[in-house]
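Please read the structure below before turning to the comments.
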Amino acid sequence: MSQSNIFFDRKHIWHPYSSMVKPLPCYIIKSAKGVYLKLKHGSSIIDGMSSWWSTIHGYNHPILNNALKNQIKKMSHIMFGGITHPSAISLCRKLISLTPKKLDCVFLSDSGSVAIEVAIKMLIQYWRSLGQKRKLFLTIRDGYHGDTFAAMSISDPKNSIHRIYHNFLPKNLFAKSPISAFNKTWNSNDLISFKYLIEKNSSKIAGVILEPIVQGVGGMNFYHPNYLKKIKILCDYYHIPIVFDEIATGFGRTGKLFAFEHANVIPDILCLGKAITGGTITLAATLTSRKIANIISESKIGCFMHGPTYMANPLACAVANANIKMIQTNKWKIQVSNIEKQLCDSLLPLISHPRVIDARVLGAIGVIECSKLINIAMIQKFFVKKGVWIRPFKKLIYIVPPYIINSNQLKMLTDAISVALNNSAFFI
Ligand SMILES: *Cc1c(COP(=O)(O)O)cnc(C)c1O
């Protein structure tokens, strides 16, 4: 039965970034609890990925499940046009109280990519309202902002393979990504490329968009807070709004509630997603300053032109509320800081390994950058045999475990990585 299921899956179902002809092997997960994913034959593996940065409090969490059950008794969904509901209101209250005062208006949407599209549309409308047809966005290389078209157009051209969609993607500006690492010395040369582009195009740029401090799957780089500070100063000087994409980093992942707190700078627009529902249902939010919201709203068009069918889905809002309530107990601070300490102790020494170019840790993020491309199918099989779920890409083995992971479970993850590095068959 399950054999034929896996066969059906291979033959008929697309997986993320996959081929229908030569798909990578897939594992059937029957259920999940805490940090464990349960495989079909009953063995369990420890999740090192938090289902892509989302499941911060672990799977099947009773508080999150209860929030869903309570909401489902009332209603699963209602349209958000012309009607509203308590779960959305209470979620937006929480988002506004958690974020800097300046961010005062919330737009809820279905996924991170859409939250980015919304931010981009807002800025295009903002400039329209001011009588300017600006449509150019400035970002930095090695970024990742999602897979929809506008989001792709500001993601690193190599990684999101812009050439496939040539002529269809809007052309944007890419500054060189900063070299100065998070806790290394600051080299002001990092700014040259960004400064040049913003000076040269200042009258055409609609907005600057970037991931603050941690560039996620674009390369897992942790860059120096000074870079963000200086960029904000340049944006202010040219009156160009800045958008922070905290879809991966938001809600404690980097050791601060939001990554921009490492640099003490506040954006004009903030995109949140992934961990917002604790990994339960898709939901994202775009928070905007009152100034931007008003300029859009006071124009001739008079409203912001976006409205997904499932906008502010009550189930998603209810579970996000319960998730954020747990975040507000601040337990994540000690959890993330313990994970950080242990990751530093276990991963940083791997820098001396001949197959390792760099090892870096920030908050509950651990990254091993290898000197060669990784054979994903083979290393994955090894990891599953070792009882862990880690999904590397390109030359990067990284883990972003659930905050609730204990030190023995975390050790299983880091030990598996150390051992894997010794096997030449896993590297191409
Ligand atoms: C995952 C991610 C997105 C896209 O979110 P989806 O929910 O997958 O559409 C955007 N930006 C960053 C930084 C992300 O990590």
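Placed from the backbone N, Cα and C atoms, the Cβ positions cover glycine too.
Taken verbatim from TrEMBL:
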BINDING   Trp52, Tyr144, Lys274, Gly307, Arg391  substrate binding site
BINDING   Gly112, Ser113, Asp245, Pro308, Thr309  pyridoxal 5'-phosphate binding site
MOD_RES   Lys274  N6-(pyridoxal phosphate)lysine
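Overlay of TrEMBL feature records on the structure.
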{"residue": "Trp52", "record": "substrate binding site", "Cβ neighbours (10 Å)": "16"}
{"residue": "Gly112", "record": "pyridoxal 5'-phosphate binding site", "Cβ neighbours (10 Å)": "29"}
{"residue": "Ser113", "record": "pyridoxal 5'-phosphate binding site", "Cβ neighbours (10 Å)": "22"}
{"residue": "Tyr144", "record": "substrate binding site", "Cβ neighbours (10 Å)": "23"}
{"residue": "Asp245", "record": "pyridoxal 5'-phosphate binding site", "Cβ neighbours (10 Å)": "32"}
{"residue": "Lys274", "record": "substrate binding site", "Cβ neighbours (10 Å)": "28"}
{"residue": "Gly307", "record": "substrate binding site", "Cβ neighbours (10 Å)": "12"}
{"residue": "Pro308", "record": "pyridoxal 5'-phosphate binding site", "Cβ neighbours (10 Å)": "16"}
{"residue": "Thr309", "record": "pyridoxal 5'-phosphate binding site", "Cβ neighbours (10 Å)": "10"}
{"residue": "Arg391", "record": "substrate binding site", "Cβ neighbours (10 Å)": "16"}
Exercise for the section: Starting from the Cα of Tyr144 (substrate binding site), work out which of the binding-site residues (Gly112, Asp245, Pro308, Thr309) are within 10 Å. Expected result: Asp245
Completion exercise
Candidates Gly112, Ser113, Asp245, Gly307, Thr309, Arg391 (binding-site residues) with CB under 6 Å from ligand 1, in sequence order, are Gly112, Ser113, Asp245
Practice task
State the Cα to Cα distance, in Å, between Ser113 (pyridoxal 5'-phosphate binding site) and Lys274 (substrate binding site), rounded to an integer.
Solution key: 10
Practice task
Could you check what DSSP calls Arg391 (substrate binding site) once collapsed to helix, strand or coil?
Solution key: coil
Problem - Pairwise CA distance, Pro308 (pyridoxal 5'-phosphate binding site) versus Trp52 (substrate binding site), rounded so that it is a whole Å - result: 23
Completion exercise
Rounded Cα distance in angstrom between Arg391 (substrate binding site) and Gly112 (pyridoxal 5'-phosphate binding site) is 20
Problem - Between Thr309 (pyridoxal 5'-phosphate binding site) and Lys274 (substrate binding site), the C-alpha gap once rounded to whole angstrom - result: 19
Handout entry: Among the pyridoxal 5'-phosphate-binding set Gly112, Ser113, Asp245, Pro308, Thr309, as the record gives it, the longest Cα-Cα distance in Å
Key = 23
